[in-house]
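Visitor: Okay, handing you the structure first.
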């Protein structure tokens with residue numbers, strides 16, 4: 001008979017803990033820390049632990065190192081799970097256990113009754129190898145068929161980020177890889193806090209912070225702190241790091257909005273809007289014109305009459321040489337703030353660009369029919 005998955009994290013302080021450092025598209029996203037249920041499924045837990053450390057050498061079946069390092073998450077299905085562990089073929093057809101190609105289903109003690117559970121992928125009964133999946137929702141149809149052998153105790157936000165990557169079918173469009181992995185011993189740093197020298201003392205994902213997400217005052221304090229760090233990076237023209245900090249603010253704000261009353265959400269809106277606009281400004285500096293436009297559209301969803309969003313969106317259109325679109329946005333901005341000199345100057349500049357473009361076209365046609 002299957003049991004409900006453990007509520008405590010960890011469920012047993014003596015169980016081993018392992019970690020994955022995850023990269024998406026060559027960029028570090030964060031760390032997932034997992035507890036392995038060695039007290040319930042010792043053989044399955046030991047297989048996974050050893051594959052995290054790489055201590056067992058080379059596989060007898062694959063001829064490849066028995067190690068998850070460099071192994072991709074090859075299959076992602078939103079509102080279901082993320083799957084990895086094929087270290088040999090990297091596409092779901094390979095891998096092997098530390099005991100040989102396959103080993104038996106140890107037991108089905110725990111149910112797949114929530115997100116963040118670690119379970120063995122298989123090709124039928126008693127075909128466990130190295131492939132695994134992490135649930136992102138309850139998956140009761142897998143009970144009695146797949147062995148639940150661990151849980152995410154930190155880094156659920158990283159798993160959710162993986163869940164939401166763009167896919168072609170079930171294959172991630174960007175390479176999602178376990179860049180580093182290993183075992184965490186008693187007293188080891190779990191690596192949840194940033195080490196970028198910025199003074200940021202907050203976990204990258206709010207799920208890992210020991211805070212009450214319903215405490216709006218606390219969320220605002222953290223958000224202001226992170227925004228200020230982002231502003232420091234902006235001033236030093238480190239656009240990518242600035243974007244990371246502004247995006248982190250939005251994660252904290254969105255997580256809080258999901259659990260608070262509607263009346264309190266408006267208190268978080270100004271800082272969220274400011275950070276979305278700042279992300280747009282960074283993207284303009286990076287010549288990521290479409291990205292800047294997308295950020296400004298997000299800001300305009302929050303505040304349809306925001307002139308800063310319209311102005312920056314117009315700059316994005318100019319980067320794409322879509323001057324008529326830029327003109328339309330600047331005219332809207334001028335209607336809202338008729339006395340704004342920056343908008344007036346930008347409007348004049350765009351009109352001159354449109355005229356120059358038309359003059360150039362006329363000259364081309366004149367040559368053609370001369």
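Cβ coordinates come from backbone N, Cα and C, glycine included.
Annotation comment: Swiss-Prot describes 5, 198 as phosphoserine, evidence class similarity to another entry. Annotation source Swiss-Prot lists domain 'PPIase cyclophilin-type' at 19-183. As annotated by Swiss-Prot, N6-acetyllysine applies to 171. If you look up Swiss-Prot, you'll see 185-215 marked as region 'Chaperone activity'. Annotation source Swiss-Prot lists region 'Interaction with HSP90AB1' at 214-370. Taken from Swiss-Prot, the feature repeat 'TPR 1' covers 223-256. If you look up Swiss-Prot, you'll see 273-306 marked as repeat 'TPR 2'. Sequence annotations record features per position, and here Swiss-Prot assigns repeat 'TPR 3' to 307-340.
Just tell me what is around each of these and how deep it sits.
Guide: Taking the Cβ of residue 5 (phosphoserine) as centre and 10 Å as the limit, one finds 19 other Cβ atoms among all the protein chains shown.
Following the DSSP three-state reduction, the secondary structure of residue 171 (N6-acetyllysine) is strand. Neighbour list (residue 171 (N6-acetyllysine), Cβ cut-off 8 Å, at least 6 residues apart, same chain): 74, 75, 76.
Away from its own ends, the region 'Chaperone activity' (185-215) comes close to residues 19, 21, 30-31, 33, 154-158, 222, 225-226, 229, 232-233, 241, 245, 248, 251-252, 255-256, 258-260 of its chain (Cβ-Cβ under 8 Å, at least six residues beyond either end).
In this structure, residue 198 (phosphoserine) belongs to neither helix nor strand by DSSP; it is coil.
Within the chain, the repeat 'TPR 1' (223-256) has long-range Cβ neighbours (under 8 A, six or more residues past its boundaries) at 157, 196, 198-200, 202, 204-207, 213-214, 216, 268, 271-272, 274-276, 278-279, 281-283, 285-286.
Beyond its flanks by at least six residues, the repeat 'TPR 2' (273-306) meets 223, 227, 230-231, 234, 237, 239-240, 242-243, 246-247, 249-250, 253, 312-313, 315-317, 319-320, 336 of its own chain at Cβ-Cβ distances under 8 Å.
For the repeat 'TPR 3' (307-340), the list of distant contacts is 277, 280-281, 283-284, 287, 289-290, 292-293, 295-297, 299-300, 346-347, 350-351, 353-354, 357: same-chain residues at least six beyond its ends, Cβ to Cβ under 8 Å.
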Visitor: Does anything in the same chain, at least 6 positions from residue 198 (phosphoserine), have a Cβ under 8 Å from its Cβ, and if so what?
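Guide: The answer is 229, 232, 233, 241, 245.
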Visitor: So what's the mean pLDDT when you look at the region 'Chaperone activity' (185-215)?
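Guide: Average per-residue pLDDT within the region 'Chaperone activity' (185-215): 94.
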